[in-house]
Amino acid sequence: MENRYNPKDIEKRWQDRWFATDMYHAKDFDSKEKYYLLAEFPYPSGDSMHMGHARNFTNMDSVARLRRMLGQNVLYPIGWDAFGLPTENYAIKMKRPPQEITKENIATFIKQLKAMGFSFDWDREIDTTDPEYYRWTQWIFLQLYKKGLAYKAEMPINWCPKCKVGCANEEVVGGRHERCDEPVEQRNMNQWVLRITKYADRLIDELDKTEYWESVKSAQRNWIGRKTWYDIDYKVEGTDITLRVSTTRPDTQFGSTFVVVAPDSEVAEKLLKYIPEERITDVKQYIEESSKKTEEERIVGQGEKTGVETGLVCKNSITGRDLPIYLADFVLSTVGTGMVVGVPAHDKRDFEFATKYGLPVIRVIEGLDGDRSEIDSVEKVYEDEGIVFNSDFIDGMKSEDAREKMGEYIKEKGIGDVVIRYNLRDWIFSRQHYWGEPIPIVHCDKCGEVPVPEDQLPVKLPEVESYEPTDTGESPLASISEWVNTKCPKCGGYAKRETDTMPNWAGSSWYYLRYIDPHNNKEFADMEKMKYWMPVDHYEGGSEHVTLHLLYSRFWHKVLFDLGLVPEVEPYKVRTIHGVVLGKDGSKMSKSLGNVITPDELLEEYGADVTRAYLMFMGPYEGDVSWSTEAINGVKRFVSKLYTYILALWVKKDDKLAENKDVAKLVKKVHDDILNFKFNTSISALMQFYNSNIDSTFSTADIERLILTIAPILPHMAEEIWEKTGHEFSVHMQRWPEIDESLLEDDVIEIPVQVNGKLRGKIEVSSDATQEDVEKIVLESQILGDVEVKKLIYVPKKIVSVVV
RNA sequence: GCAGGAAUGGCGGAAUAGGCAGACGCGCGGGACUUAAAAUCCCGUUCUAGCAAUAGAGUGAGAGUUCGAUUCUCUCUUCCUGCACCA
């Protein structure tokens, strides 16, 4: 029974030994080639590590282990993104300090990650809630502040009237507060804002310097939403007001039939005094009503257009036609100039509005095959580009050219402008919560806003009695007078601390830099060390972070770059997205569905190596995978068989044998698959090797190759076998096996023969056979029978195709 | 609506510089061991017909290019993910 696989006996022993040495420590300035492998750091929730964490870290761990064996100096770090609402909410509920809760949660996570046997460099562990960490988060904020990239402004925030708390956008789902399901309202509050829009162009253009997946790049571009707008002045008749309407499709100008102004815009206010008496009551009532609509009602009301006629008319300065002016809240004051020109033939929303108010529809863009038919239903509205007709000086042009011409025209005539605009808004950086980094600013009556001097950082979060948000919407910090009341660093007079804290995104915007130099108390990271390690070679994470987190961290990085504080413009060279581990039925694992399976249960039942192998085997790493208990049992069977198998091979090893082809092929396949993130097929390859070599005998060198090959995948088992076969600790510090490349090619290969596209037989040929050789073999074989051969194609080493 | 991606046996999936479709695993069927069960091991397993050798069909649907298409092109359908009354 000695060779029976029993992970419980092995795994803990090797983990203790690994973590007692510094074998996974990444050495600064090592002459080996560096490789920085970053997996998103987890939020240490009270529910312990979930399956998604286990899967991602497992996959990345196999890459880290393989690359070390290939002779690279691998930085594979771990840390904790520990500020955040779940912990704060839990603290409020339990009436315990979040600091304590966070410590406990982290301790649980560490235990679990170590039990999985991940090869993190534990010397570089970081925690965003550690004052020695957030000191530098605050320091970076001050650099932004000094550069004029952080400012305070009245900004609308989401306000939950039930909880009496300001909510971040990420806490609002479908217009409702995530925590209590109450609809949120808009409230104006003085907020810290970061000027990310200043970097909008570079955040798009410098994507070219990265090798992100296309889907990641396009998510970034879409979020920023850079577009060319054409603003055109229309004079309102009988007034001195000019409406500057905005459009991205000036090629449809000659199809315009009305103008809509957002009811909450300043212009709407100005128009009021000219509105004829018989309309004024209706208009005022409409403005009133739409201002009361919550975000949720607006979304629900989508499709059902409401609006009001002002009775005013303006002149389209391109076409010279008079257009009636409406107020309608489907037009947003924050988009473009908050005024749009209605072209019902070429915009669905405009069409719906026009139908409701009986406005004319004029088509000016040809459809496919010169289609100029009337637009009489929403389905027929033609929003694509095409050839412009009935349009005076842009007649017959393609949409693209018409736009350019129109841009020149309005600039020439001085009736408008061409403007680049973005969907991206400045980043609201304030949170009125306790569990975040305090914003290091004090407010002095005399000196105004004063940044906390750098030598007084960190501004530590005070210990308080209560973490509950206050009625006023202020952070709970506001009620701690001994903390709030302070001296002005400039004049020494009375001053108050800023009580807003930073959002969860702050600490994670630069953590990859801190891993490089986690214990530095002079600066956030040493420049020479950053020059050695940066950029991150591969950043792996969830799809939920490819817009905001990625954008925010790229923004901070660029600011640091401009200040000469980091060596590269872009922080991450490659960014990939992993799939999600779903429950058995393909739905999300959730407590309410009762389909949650935790890594803890698996470790208990199967041990770390089987769990790891299964997580790799489940499916392609970028896709979602459903949990299957049956399937992990299959992997368990295989892993235990493999264990006894390799030990048995060692007993009957035969050194008279030459180097084995199958072993060479396996070494190559596992190497390629792991580096290409095809973890599932690396496991298949092991299984296949086992199946076809159950009765084989190998030389010492080949068995050693085999053990080394499983090391990145089954790290504990490989270590155990390595020891049992009389080798010295540790298998993970060995070089990846060298193989004789010539063994990868077979001398004699079996080639399929196709006749008229159908498989009809197979022949054996030597790998260097010529077309003539093959032709002869095929004709001599019985495959073709008695037919006339018209053509014979031999694709070397692939196939023979015969046409008869 | 826009952007990105996907569709292959009963299930998860494999194979794309165009070259034997279904590797590998699960499940299922049969057998061995067992008083019996579990575990383990062996054989089989895309579908249809046939005892079989074998023949035909087959990678969401339809067309096209090609000696040859899961892979390339066009049209369409469905699904997932992110964003969105963004004009």
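Every residue gets a Cβ built from N, Cα and C, even glycine.
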Which listed span TrEMBL calls motif ''KMSKS' region', if the choices are A:58-62, A:473-477, A:588-592: A:588-592
DSSP-assigned states of the motif ''KMSKS' region' (A:588-592) in counts, ordered helix, strand, coil: 0 helix, 1 strand, 4 coil
Segment-segment contact (the domain 'Methionyl/Valyl/Leucyl/Isoleucyl-tRNA synthetase anticodon-binding' (A:663-772); the domain 'Methionyl/Leucyl tRNA synthetase' (A:39-173)) at 3 or more Cβ pairs under 8 Å: yes
Neighbourhood of A:Lys591 (ATP binding site), C-beta criterion under 8 angstroms, separation at least six: none
